[in-house]
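**Q** Can you keep this structure in mind? I'll have questions shortly.
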Amino acid sequence: MVNSFTKFRVFPIQWYQIYPLFWNTWAQRTLKNALTLQKLNQNTAKNLILFLGDGMGIPTVTAARILKGQLSRQSGEETQLEMDNFPFVALSKTYNTNAQVADSAGTATAFLCGVKANEGTVGVSAAAVRSQCNTTQGNEVTSILRWAKEAGKSVGIVTTTRVNHATPSAAYAHCVDRDWYSDGEMPAEAVQAGCKDIARQLFENIPNIDVIMGGGRKYMFPQNQSDVEYPGEKKHFGTRIDRRNLVEEWNNRMKNKNAHYVWNKKELLSLNPNSVDYILGLFEPGDLPYDLERNNETDPSLTEMVEVAIKILKKNPRGFYLLVEGGRIDHGHHDGKAKQALHEAVEMDRAIGHAGLMTNINDTMTVVTADHSHMFNFGGYTPRGNTIFGLAPMLSDVDQKPFTAILYGNGPGFKVMNGLRENISTLDYEENNYKAQSAVPLSMETHGGEDVAVFAKGPMAHLLHGVHEQNYIPHVMAYAACIGQNRDHCMSSSGASSLSAALPSLTALLTFTRFLC
């Protein structure tokens, strides 16, 4: 039951906001800051950081901004997220080659490998067909993480999901099915045909990834081996049919390289990053818990993992590439649990701010984006300061019942009582796991198909502007750091000559494409 304070709670509006002087002064200050951007940062990026909010569409960004402010007892709308302070913003078109509304695997291949791909596949081109093992070979595409490693940089992956989930796996794996987490999830014929599961590829494809942190422990251990943290729970037992212990193999291979395997927060934070060159942190058998449900004693926050990762990676004089995924934003939305999703987004924003304090904008390019959106939105003419999880200020003029500002287009929140929409006035709609009402009943809410935002700062960040295909992102980041196929301009006084040299081949490709159409 919702008490009266919760039901009508609003956060205070500052008194000075009624005066035009306040708004005019703020706008003029913003204008002066914008004018400073005319001097572009064209340095070479020593470090690259990509923050990926899985499912963090623009409505999620806006709602997370309001939540962040309200957590500090402000009205929220005027609050600034860390990403709001990035000077350059673009839009990214998220569709997969075979899907108008994308999934996280095909999109990850785009923003990590620079190539659009089919839904459900990671690290392979659109010539590969989902679940068909024999379409893998010859269609592999490499990622910016590999380009950075080959350039001598340190590289890392930090995620709140399994480290072999869709987004992180595109950084190192080539797999025609995102669900092939271990050989225990693969069809026997695919294993017999020589296809590798994603967990195995994590350790075999790119030698010595410097930092790996997230969940997914059970996929690294032999089938039916009990978990170190949950020894009595069968759902957390190992899944590997091949009986390999990938963690033990990693430990043996790395034993003379200042490498550490950790599985809880205490072990992680007890390490001295100055004496650690490689870290494998697997903190849960599956995904990490939602931040609202996290055990502060055993599970590190995303911010804590990012801090350790940067401290280890930044020791390399050649710099680093770091992929950070706030992966459970997506899971919260799929479950219709907006409160979980938005708190995950706020925690990722906290990690973004902390990374900014640990790096220098002059030599570090940081990009924040999403892979896709969700069927999430909020509205209903709510007044300033209305709690983001609260009610709209009026009843429906059709069924005369209240409704929350946050709603989903589809999902598990659809409920009918006696043939009518459920009356939520008797429910605690600000409870952590409350499932917001949806228009269409589904067991899991779906992704949305609209463009997502790209925020950028640091060297060459101005190249992210306007509306771009999603696969453009790693090309810009590689260009900024002089890695991958974008190196020639770094050896000349200007990038113009190398760009003009590339234009003939690009023109030929476009002409060929038009001919095919």
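Just so it is clear, glycine is given a Cβ too, placed from its N, Cα and C backbone atoms.
TrEMBL labels come from automatic prediction, so no person has curated them.
Annotations for this protein, taken from TrEMBL, read as follows:
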type	residues	note
BINDING	Asp54, His165, Thr167, Glu325	Mg(2+) binding site
BINDING	Asp54, Asp330, His334, Asp371, His372, His447	Zn(2+) binding site
ACT_SITE	Ser104	active site, phosphoserine intermediate
**Q** Just to verify a number: CA distance, His165 (Mg(2+) binding site) to His447 (Zn(2+) binding site), in angstrom, no decimals.
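**A** Per the Cα atoms, His165 (Mg(2+) binding site) and His447 (Zn(2+) binding site) stand 17 Å apart.
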**Q** What whole-number Å value do you get for the CA-CA distance of Asp54 (Mg(2+) binding site) and Asp330 (Zn(2+) binding site)?
**A** 5
**Q** Considering Cα atoms only, can you say which of Ser104, Thr167, Glu325 is the nearest neighbour of His372 (Zn(2+) binding site) among these recorded positions?
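**A** For His372 (Zn(2+) binding site), the spatially nearest of the recorded positions is Ser104.
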**Q** Report the same-chain neighbours of Asp330 (Zn(2+) binding site): residues 6+ apart in sequence with Cβ closer than 8 Å to its Cβ, ordered by sequence.
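**A** Counting only residues 6 or more apart in sequence, the Cβ neighbours of Asp330 (Zn(2+) binding site) under 8 Å are Asp54, Gly55, Ser104, Ala341, His374.
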**Q** Distance check, please: Cα of Thr167 (Mg(2+) binding site) against Cα of Asp371 (Zn(2+) binding site), rounded to an integer number of angstrom.
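**A** The Cα atom of Thr167 (Mg(2+) binding site) is 9 Å away from the Cα atom of Asp371 (Zn(2+) binding site).
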**Q** Can you tell me the CA-to-CA distance separating Asp371 (Zn(2+) binding site) and Glu325 (Mg(2+) binding site), as a whole number of Å?
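**A** A Cα-Cα distance of 10 Å.
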**Q** Expressed to the nearest Å, what is the distance separating His447 (Zn(2+) binding site) and Glu325 (Mg(2+) binding site) at their Cα atoms?
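**A** Roughly 17 Å, rounded to the nearest whole number.
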**Q** Give me the CA-CA distance between His334 (Zn(2+) binding site) and Glu325 (Mg(2+) binding site), in Å, as a whole number.
**A** 17
